[in-house]
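**Student:** The compositional bias 'Basic residues' annotation in TrEMBL covers 47-57. Feature annotation from TrEMBL assigns compositional bias 'Basic and acidic residues' to 61-73. Taken from TrEMBL, the feature compositional bias 'Low complexity' applies to 1154-1182. Residues annotated as compositional bias 'Acidic residues' in TrEMBL: 1186-1196. Among the features that TrEMBL reports, region 'Disordered' is placed at 22-82, 1139-1196. Positions annotated as repeat 'ANK' by TrEMBL: 120-152, 153-185, 186-218, 285-317, 351-384, 385-417, 517-549, 708-740, 777-809, 964-996, 997-1030, 1031-1063 (among others).
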Amino acid sequence: MPTGFWGGLLHQTGLGVPVLPRASSSEKRWRRRVTTTRLARTSGPARARRRSTRKQQSRPGAERAQPRADTPTHRGPPGDMAVLKLADQPPLIQAIFNGDPEEIRTLIYKSEDINALDTEKRTPLHAAAFLGDAEITELLILSGARVNAKDNMWLTPLHRAVASRSEEAVRVLIRHSADVNARDKNWQTPLHVAAANNALRCAEVIVPLLSSVNVSDRGGRTALHHAALNGHTEMVNLLIAKGANINAFDKKDGRALHWAAFMGHLDVVCLLVSQGAEVGCKDKRGYTPLHTAASSGQIAVVRHLLNLAVEIDESNAFGNTALHVACFNGQDAVVSELIDYGANVGQSNNKGFTPLHFAAASMHGALCLEFLVNNGADVNVQSRDGKSPLHMMAVHGRFTRSQTLIQNGGEIDCVDKDGNTPLHIAARYGHELLINTLITSGADCTRRGVHGMFPLHMAALNAHSDCCRKLLSSGFQIDTPDSLGRTCLHASAAGGNVECVKLVLSSGGDHNRRDKCGRTSLHYAAASRHYQCLETLVACGICINATDQWGRSALHYAAASDLDRRRRQALEPESDGVQAEREKEAALCLEFLLQSGATAGLKDKQGYSAVHYAAAYGHRHCLELLLDRGESHQEEADSPSARSPLHLAAYHGHAQALEVLLQGAREVDQGDEAGRTPLALASLRGHMDCVHTLLSQGASPHTIDTQYGRSPVHLAVMNGHTTCVRLLLDDPDSVDLVDAADSQGQTPLMLAVAGGHVDAVSLLLEREANANMADNHGLTALHLGLLCGQEECIQCLLEQEASVLLGDARGRTAIHLAAARGHASWLSELLGVACTDPPTLPPLHDRAGYTPLHWACYYGTAPHMDIHAYRGVAFFLLDNVNVTVLFIQKNCSSPVSLPVLASPIWRRGHEGCVEVLLEQKGCRCIDGNPFTPLHCAVVNDHEPCASLLLEAMGSDITSCKDAKDRTPLHAAAFAGHVDCVQLLLSHDAPVDAVDQKGRTPLMMAAEKGRVGVLEVLLTSTDANLSLTDNDSNTALHLACSNGKQDCVLLILEKLSDAALINATNAALQTPLHLAARSGLKQAVKELLSRGASVQTVDENGLTPALACAPSREVADCLALILATMMPFCSPCSSGAPSPGSLLRQLPPQHVGKALAGAPPGATVPAGPRAPRSPRNPSGPSSEGTTENDSEDSETF
């Protein structure tokens, strides 16, 4: 069954229209006036911020306010001392609240605990300070009360005294060393509390003792913020006079002016502005004071700010202006004022919503809408998703406002981007009155919306029977399908309202009508678990065993009902009780279908019956009902699918369904099409309960699949399901599974290491897994750990004394791989293990003779990798060295990453590895393959590694030659690495050493076109340009032959021997022959200017001009033409063309080669072709380079 079947239907109803929360008609302002029994808290301003943004959550185009993590919430006022009964308090507390100093003295004399704590850790001194009784406060302090004691909210007695506005108590506490900088849990100081409670005299006492009045609390708010929020003008004036920063901002960039404007404290706003507050300031979300005042309807503040010439259409981070915010909150007086001052009524926010959209959606936006419409707002403006104001009204059912828009020209059938009209939206949300208004105004009931659905589809799908009745009364054709062939009866069955189903049926709906997938309304009702709808449809005679295009009946869908459970749980997790109730509903529907004659053994086109679907979706009750039918056992045996219900239940982790299935006589070790048993699938997915259930029922852990030969233990460790591995290995008969190998020779330990599952590796090693076993490629678990970069797994293997000297099929040990990986710490540890016994490092050569030092130098930075996957095997082609690493890609429940590719170790450089290796005694000499480590380093431009080698082994190694007699300088010149060439030259590398082909590094650089290397060799050394290779080619010949024009020009510039210009190689070709044939125009010009002979013939008798001929036939033709033309080509003939000009005029395809000086009518003798020099091109190309010219076509 396709998992998207029912989800697709639900998606079709998701119109994407945001829903407005219903706000209270009389919302309280966030005014935090604290009396003597309540402390001012930071939550005051914090709530104010949330107040200004909370109403905008879930609204169209509105910004969504996030909860403030820095503002704690309290169950009640933290300082309220009246929450406890006074009679239940200790005698000392009662005496303090009774104001009886004599009683207090008596109790103190009787050794009453002066610092006793109540449940909130408050002391008697807190109570005295709370009451503001200076006499009792001093009495307690003199009797030993701790003056800076903190309660569970970290409030000190000074906080309490300030909150009570008791100047005398504050003076007493300060006189006895009370901490004026003490902070509570919200980091509020006594000055914050004084500012919030307008304790002006207390503030005057505290401020002189402070280093700064700009101390902020946890939310970043200063005392000025608290004073402005609560409208304490005198306190604001005092703080400003004492140096308060008037533009200080909190953690959300809110300033004191924002809070004063929001609360409507006009006097404070005027004072702040007069003292230099920035009237256009913005918080982090772009709100200005005008925005905040407009949102809370503070008309006086709005008018004052407008008179200050603030930008009236300034937008916040969401594109909303003050007019947007006012309409959003239904502040009609502010809307009128803003419009009078010239606010743009048509300005759009970031989502394309205008103030009219907000007024249409807001609960209290009726008057706002009137003002906007009367002042020219476009009633048909659409947002980016195509929503018009009428669409927004339809979401919330504002039918009275809809009349206003329609009367003012609102397009009643306008469509959004999904094709839905306001009537579709109203039908979806069940607004019957609005539907009536729209239909009366001429809305088209037959207009198609999303997926071709009609408004009646919407109403039926969302179970609004009254809306369906209203839409049916408009004369709609009941069986008209949507674009997917679904009628209103399909939608009613999916919606689950039996009244809608009966209404559609009574209106003539065809109960046997099928959609484009062949499903009837019974399929939809069964999949949605709507029992009453099923009863109604069956009673009207619907075909109960009708199948869709996949061969599935309603019984299949009932067995697999609740298909959208995973998506629903992802949005909002459900309790076990809710899930059990849904399963019972599904079982009730399935039982009814069975009783009504549904065939339990009916199979779909994949061979799955209802039992399969019930098992796959874990419906235990449905399984019990189906298995009670006698035909259920027979249908499984006849199923063409190899996947049994057991396989499906085990794969999806339904242990209870497995228990039901295993009660019958079923083969518990039956394999699927890949030979995997239910136990293997449960192990692969890590379903521990299913593994336990299957093992208890006799499932064998020794079974292997037919594709890779893996047991359940292999499959469990592949994905790191350690608990399942433990269950499997706890079986007494499973001892041999620890080291069981699959068809690739891989053991569970290898798979666990390759996947980096440390817990599984530890468990297998505890069960004495053999760490030295090798797979078919000779790789051990240690090899795989190194290749995959599994550090912790490697450590576990080394602790179990895994051998570091075992080689793979190519003789490469773990030390080789650590060196290639460039991990110096691993390499050092492996070498330490290898040198333990015997104490010296044994010879480490792979089958090609390469040592770890070769590998470290060759992969000095980041190796070039290609990956080819074949049946789970990834081959890492490390240039010319094949390293095979096995990964389990196909059967993993989650994708397996290859950490070797992304690991920063590859990019870290291998100098550390080279240093570690050179510290070993046996590594300071040239050993193994004659292509030395120095060759490896310089050919890949690893200069740091080369420097280490030269420093450790001396300059003599620059003369070492490989099997083809090439020195390291040859390798560096071949690759064109200038830095390495300079390094070698600084260590006296032989410049004129020749390889088996007789070529020097200079020739190799010229042949490969390495201009930088060539320039270094020509300018910094005495390289001999006259040397020739085995074919008598000089460096100039090689550069011309391979089309390297820059090298040719550079050699000619440095050339001192003019005889080399006309030097010939073994084929009697001069550089001019080769340059002309390669199409090197500048090189030819330079050679001719230096006296290159145009008459020299090669061994085939071709001059440089005729050597350009692409074929022998062309050369023959050219020879005949030239022989005929020669008598008319005298240089003395006035106006006669020269042979060269005639050749230039001939088309390229007619240019051939001919013998120089052949008489007219002579034929061209058939002589042998001149042998080409190495890399001689087959012909010139249009850019002057050769067809086969490629720097990567040949490896060193």
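Residue 1 is the first one shown; counting continues down the chain.
Positions of Cβ are set from backbone N, Cα and C atoms, glycine also.
Caution: TrEMBL annotation is automatic and unverified by curators.
Could you place the listed features in the three-dimensional structure?
**Tutor:** For the repeat 'ANK' (120-152), the predicted model reports an average pLDDT of 94.
With DSSP classes pooled into helix, strand and coil, the tally for the repeat 'ANK' (153-185) is 16 helix, 0 strand, 17 coil.
Taken residue by residue, the repeat 'ANK' (285-317) breaks down under DSSP into 16 helix, 0 strand, 17 coil.
Away from its own ends, the repeat 'ANK' (351-384) comes close to residues 20, 22-23, 25, 59-62, 318-319, 321, 323-324, 326-332, 335-336, 339, 345, 390, 392-393, 395-396, 398, 400-401, 404-405, 408-411, 414, 416 of its chain (Cβ-Cβ under 8 Å, at least six residues beyond either end).
Outside the repeat 'ANK' (385-417) by six or more residues, the chain places 15-20, 60, 351-354, 356-357, 359-361, 363, 365-366, 369-370, 373, 379, 423-426, 429, 431, 433-434, 436-438, 441-444, 447, 449 with a CB less than 8 A from a CB of the stretch.
Only residues 6 or more beyond the boundaries of the repeat 'ANK' (708-740), in the same chain, are considered here, and those with a CB under 8 A from a CB of the stretch are 676-677, 679-688, 691-692, 695, 701-702, 746-749, 751-752, 755-757, 759-760, 763-764, 767-770, 773, 871-872, 888, 891-894.
Residues 932, 934-935, 937-943, 946-947, 950, 955, 957-958, 1002, 1004-1005, 1008, 1010, 1012-1013, 1016-1017, 1020-1024, 1027, 1029, 1196 of the same chain, all 6+ positions outside the repeat 'ANK' (964-996), place their C-beta atoms under 8 angstroms from a C-beta of that stretch.
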**Student:** Are there residues at least six beyond either end of the repeat 'ANK' (517-549) with Cβ under 8 Å to its Cβ atoms? List them, or say none.
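**Tutor:** Non-local partners: 5-6, 9, 484-485, 487, 489-490, 492-494, 496-498, 501-502, 505, 511, 555, 557-558, 560-563, 582, 585-586, 588-590, 592-593, 596-599, 602, 604.
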**Student:** Report, as numbers and ranges, every residue of the chain located at least six residues beyond the repeat 'ANK' (997-1030) whose Cβ falls under 8 Å of a Cβ in that stretch; write 'none' if there are none.
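**Tutor:** For the repeat 'ANK' (997-1030), the list is 967, 969-970, 972-978, 981-982, 985, 991, 1036, 1038-1039, 1041-1042, 1044, 1046-1047, 1050-1051, 1054-1055, 1057, 1060, 1063, 1065, 1174-1175, 1191.
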